[in-house]
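Below is one structure; the comments refer to it alone.
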Amino acid sequence: MTTLPSTVSSSAPLALGLPLRGSQLIEASAGTGKTFTIALLYVRLVLGHGQPEDDSHSSTNGFMMPLVPPDILVVTFTEAASQELKDRIRARLVQAAEAFRATVKDDGLHQSDSLLAQLRDDYPRAHWPLCARRLEVAAEWMDDAAISTIHSWAQRMLKEHAFDSGKLFHQEIVKDLTSLTQEAVFDYWRTRIYPMDAPVAGVMMELFESPIALHGALRTLLQRHDVQLCFAGAPLPKKDLEAQLRGLLPAREALNEGEDKARQAYCQDAEAIHQALYTLRSKLNGNKFRGKNDDTTFASWLEELDAWGQGKRCLAACKFVPKLATSQLLVNKGTTLPAFEVHDALEEWHKLSTSLHTQAKELKPLVLADAREWVSNRVNQQLSQRAEMGFDGMIQGLADALSGKGGDALAHRLRTQFPVAMIDEFQDTDPAQYRIFDAIYQVQENAPSSALILIGDPKQAIYGFRGGDIYTYLKARAATSPRHHTLATNFRSSANVVASVNQLFRHAENAFTRKAFRFANETTQENPMPFTPAGANGRKEALVLNSKPAAALTAWWVGEDDEPVNKKRYLAQAARHCANQIASWLNDAASNASGFESTTGQAFRPLQASDIAILVRDRTEAAAIRSALSERQLASVYLSDRDSVFATPEAKDCWRWLKAIAHPESVSTLRAALATPTLGMSLAQLDELHHNELAWEATQERFAEYRARWHRQGVLPALRQLMHDYRVPEQLLAKPQGERCLTNLLHLAEWAQQASDTLDGDQALIRVLGEHIQDPKRDEQILRLESDADLIQVVTIFKSKGLEYPIVALPFIATFKEINGKWGTPLFHDERGNAFLELANSKDEAKEGFEAANDERLSEDMRLLYVALTRARHATFIGLAALKHGRSKKAQIDKSGIGYLLGGGKVLPDLGSIKSAWQVHSQACAHITSHPATSEEVSYQVQATNPELKTTRTPSHPAFTPWWIASYSALQQKGVNAPETSQAEIETEEHQPIRTAFIQGTPEVGSLHAFPKGPNPGTFLHGVLETLANEGFDNASRDPELTQRMLQRCAQRGWEAHGPALKAGITSWLHTPLAAEGEEGPVLASLTHYRAEPDFWFATVNAKTPVLDKLVKETLFPGEPRPALGFQQLNGLMKGFIDLLAEHNGQYYVIDWKSNWLGPSDAAYTQDALARAALDKRYDMQLCIYLLALHRHLSQTLPAYDYDHHIGGAMLVFLRGIQAPSRGVLRVKPPLAFIERLDDLMAGENHKEVAV
């Protein structure tokens, strides 16, 4: 056993000294080498570093034994992060192995990687080879490493531990539950609302006029399953919804009666009221009665009054009539109002309406709560019935399983499978995720037999809108106390940048009662989220701007000292100054006045546009800064979290082009396409087409030619021809963002070509593209250009997390979005960390809830600010202004993160007070400065260059041929990235019914033709055959109890009516020869040598599917049409499962059961029909692969093996056709020359071997 002498030094760096047992929390500040630390911890776990020599679990900081990659669970939150982490860990294992392979002490290692050298020095030299071997094996094993996203890991655990979790073995993942949720809302409406009495249902429809309106109100509520609903700060009671709705009927009836009374009063004095209104017209209050002096408007008011009086309109739908109520009829001072009864009657109606509105407003949350619970249960029920699962269902399903009846056993199995787990980015966890790991590793107990290492930075918890819950993190922090560790050395930023950030947050930590991140208890000063100043490793270069050393943190003053600015003005002025500054820096870079000076003697590097990142909150801010940059000839690229090519203007233009190509005869459709901005036609050209009939006809003919090309060659050639004819590339590339627009168009054209391969006709493609534009999906991200890397980066702060840039500008850092009922979700937590969602619509209705939600919003803004201020390597620039909102005369910057950082919640009414607060920091830290935002325009002077064309790049290594595990199904559709295909997957994909529209008729009742169709019945029939084989076909034929068990299984699935057909089918399958009528073939009940469900693997070396496909087509059923196989290169292993391998009369058969439904009677199961069905699904290729596996196996295991003598062939047995003359059997036995040729193509020059 490789061990340390006794203990790991307490003074060792965290990556070497962290205890690898129990529950540990690492808080890693920005830029402190979190990934580096995880990789070194992984190396220690593989080595068993610090492993105790006995079972005391207390002598060292190591785990109890060395581990291998499948034992170490590492969880991240994105696919990209998990892949990067896997690569980094693999590289670290290789580096460590190389270090341990050294035969003498390497002083250079101590200089280049001191931690690795220190780790190696902990071991006696005699143990180095063993350590190196362990590390090398682990590096080679990384393909099987348990490094994945939380969702994919949870899904895998549910499948692997299906019995313990109570879940299905296979559940399809549904990416978007919108349609299913909307369907459930309609079901709710039909189930809950339709049965109500008409008056009660009418009350409901006044709250939500339709199921679509209800679905819109429920969308946010359904996304947060962990959140409790409340109204005006109180939890919603569970009440009888119909009774509550019925309770509004008296008020509603009173309101109707009040309206009738008012209508009668009006009709009594209608003419006099009209005359009085004409007299009062000039005296009416102008704000209340806007448009009173416009004759048309005034006449429309009187028309509305008459229509209401005649009963043609209801009062609630009128805009003018309710204003005639006594309290609403506002006139100028000194004006005497006429005394009509209608005014008092309308006043009474107004009071009744207000009362009813108040009652309804209180009832609306009860409806939402009732609907949320019902719809949520309905969606889960539908998913369960369909064997489907949403993304949230993966996490929730595993959490529920761990807290359920068999939860302890499941937790034990998972803890045994993964004795050590490391959770990266733990600050973004949610309650369900934490419940999973707490159940498995018992965080508070700190059990030494396992290890749970939580890594995160609560200061960077900014993904609350995605479900991340900082309060769950704080709960875990309390559970791991006092086992808290800190990574505090910043390796990203210069020492000056680190010092400036430390100054800002350290001051807030010391000066404000709620501390820097606003989690301190104001009474006890207990602070679960303290700010710890970071140390600085420093950088080897320094930034120079305009020939001067750049300050680490600079504030730009936007606006005047005595006048607050609104958001529109702030965005415009800050964007203008930011663009001017960047233009000035880049202009000076041409003369080496802006750039990077090396402290190690390297050459000066001029500043480039790609060195600059501008961080924004949203698209509005991005548009403001990009517009200012574009005005100065500065190119930029916007990187956000929601970049979809379908959300671009080019997508809409492409959609209009396709419509015009499909219908060139439609004048309006063609005109819409010609007027698209991307086509670039001028107004004069469009006008010419409008008046020149010959030119218009020529244009129609041109688009008709595009349609013909579409039908002849595909949509991609048609679109490319259109772009060529209208010189789209030339026009776009002359514009500032033209390269991006052109790339989007080409991307869309390629997508259209791929999509059209699976769609039927022009209209289907146009419809699908329109649907994608309406609801852009994330799976079609905008293609990044190589030239994007050379541009100024405009990035959302959310997306910038984890990234770094030489220079960061935050021109709009003072903005904030207050939760006010119109924007934002009023979500808040109580003192125990329970989440509540306030359903009131305004602060007036729920002041405390909205204040609590805004308090949490400001705390998250502080964390967002910390992320933004820690992205820069050398310099950060921020735009500060006395920002106000609405009609306020004072600045409200105190409601923003930067405002709190400067004032601690104190109101900063003007720019002067903001400057004073900033001066505290600039005086305390020499690296913090400020200057006014200038209005002087600076244009970027584009440098004229004539770059030489680069020579064609030569690959540094041969093209990599991917090694992968193929299968029959992968050959059909999936390719290199296909996962290893399970037996269940192969079965399921066979069960899709063949389209037989030409076959009409009703299946005979009681026959197998009437047995249910589809994947689930197909899997059931396969299971029946497998059970018969496992019990022994001969025994099964003589055991009526076994048949009865099969019938019980059938009844349990709701197919009891088909029991007689199944019983007859079992008898036929067991006793009918598997051969066409009159031919000899094996009988299952008579078989003595067979094996059910054997799997096989054999090697493939660079076999190309088109060559294989050609060989099979020429040999089996030559000349018969069938779908072509997609191009794949098979290099690795071929894998498969054979339903039955049997020996009969000295010959061996591979037999595959097929449950396909070919028609309603035995007449549908002719030999031609069987062959057609097999070719449609490419079962011919499947049979050849299975025969090759059998041939390779027998050639190595059967003495004197002879293909012609020993191979009986491959059979497809269509189970439903067992009574047909064909017996449902399609048998093939290609000649030996074919098998040998196929063998050569698959195996290349390698040794041919197969394991069955």
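Residue numbering: from 1, along the chain as shown.
Backbone N, Cα and C atoms are what each Cβ position is placed from, and that goes for glycine too.
Just so you know, TrEMBL annotations are computer predictions that nobody has curated.
When the candidates D1034, D1139, D1168 are compared with the Mg(2+) site entry in TrEMBL, which names H1022, D1152, the shared residue is D1139. Following the DSSP three-state reduction, the secondary structure of K34 (ATP binding site) is helix. When each of the binding-site residues S29, T32, T35 is scored by how many other Cβ atoms sit within 10 Å of its Cβ, T35 comes out lowest. Each of T37, D457, L487, N490, F491, R492 belongs to the same chain as A28, S29, A30, G31, T32, G33, K34, T35, is absent from that list, and has a C-beta within 8 angstroms of the C-beta centroid marking the ATP site. The average pLDDT computed for the region 'DNA-binding and helicase activity, interacts with RecC' (1-922) is 87.
Looking at G31, G33, the binding-site residues in this record, the fewest other C-beta atoms within 10 angstroms of the C-beta turn up around G33. Most other Cβ atoms within 10 A: among the binding-site residues A28, A30, that distinction falls to A28. Put simply, H1022 is the one of the binding-site residues G33, T35, H1022 whose Cα lies nearest to the Cα of D1152 (active site, for nuclease activity). Here D1139 (Mg(2+) binding site) comes close to H1022, L1025, E1026, A1092, E1093, I1151, D1152, W1153: these same-chain residues lie at least six apart in sequence, with C-beta atoms under 8 angstroms from its C-beta. According to its DSSP assignment, A28 (ATP binding site) is in a strand. Within the same chain, residues at least six positions away from K34 (ATP binding site) with a Cβ under 8 Å of its Cβ are I26, A28, D424, I455, D457, L487.
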